[in-house]
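Trainee: The annotation substrate binding site is assigned in Swiss-Prot to T8, S9, N10, P11, G12, K13, S68, F152, G153, Y154, D155, K175, H180, R181. The Mg(2+) binding site annotation in Swiss-Prot covers E38, D67. Positions annotated as active site, proton acceptor by Swiss-Prot, on the basis of sequence analysis: D67.
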Amino acid sequence: MKEIILATSNPGKIKELEQLLAPTICIPQADLGIFDAEETGLSFIENAILKARHASSLANKPALADDSGLVVPSLNGEPGIYSARYAGRKANDEDNIQQLLSKMADLSQEQRQAYFFCAIALMQHAKDPTPIIATGIFHGIISVKPSGTNGFGYDPVFYLNEYQCTAAELPAKIKNRISHRAKALNQLRALLPD
């Protein structure tokens, strides 16, 4: 892959994808005047396909979309596919984190288990009948308060026992090796034709 459209407007995702996909030339959809597709799917995979197809159809080029989010089993999978808008459509990362911490205030350590799930869809063209789908999972625990300034989204409350810090305290070099997005992209690379 020499050039690909990134079907996202999320600056954090764009930065991570550009780092993880190098040396591929990544063109954020906004650079081409493409707005986000409406996420009407019922799963991360459905939403990734919708977003990749939308960007590919408008750019007339291959497009890659990532739909990912935080899953907390003790909250019946919340925030799940609604991770970016957990505290409402106009919410920012801090609002979403506060909503999550509020819902988890009375939960025990065992009930604070969580994971990030990433689904990546690569469409060679808008009518691609066989998009390449890859997934990755990143396990952790939801901390009781935010810590760290790296990353984005729920990273400041996503605690990693193995590293004794949150994802927001990890250096990008380490996070880009172990995260759900890194795992999904590694799987995608293995699925790409030579």
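Just so you know, glycine gets a Cβ as well, placed from its N, Cα and C.
Walk me through the surroundings of each of these features.
Mentor: Of all the Cβ atoms in the protein chains shown, 23 others lie within 10 Å of the Cβ of H180 (substrate binding site). Reduced to three states, the DSSP call for H180 (substrate binding site) is helix.
Classification of D67 (Mg(2+) binding site) by DSSP places it within a strand. In sequence order, E39, G41, F44, I45, N47, A48, K51, I81, C118, A119, A121 constitute the residues six or more apart from D67 (Mg(2+) binding site) in its chain with CB-CB distances below 8 Å.
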Trainee: Which residue, of the binding-site residues E38, D155, has its CB surrounded by the fewest other CB atoms within 10 A?
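Mentor: Fewest other Cβ atoms within 10 Å, among the binding-site residues E38, D155, is found for E38.
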Trainee: Can you tell which of the binding-site residues (G12, G153) has the fewest other C-beta atoms within 10 angstroms of its C-beta?
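Mentor: It is G12 that, of the binding-site residues G12, G153, has the fewest other Cβ atoms within 10 Å.
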Trainee: Measuring Cα to Cα across T8, S9, N10, P11, G12, K13, S68, F152, G153, Y154, D155, K175, H180, R181, which the record gives as the substrate binders, how far apart are the two most distant ones in Å?
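Mentor: Site span for substrate, by Cα atoms: 21 Å.
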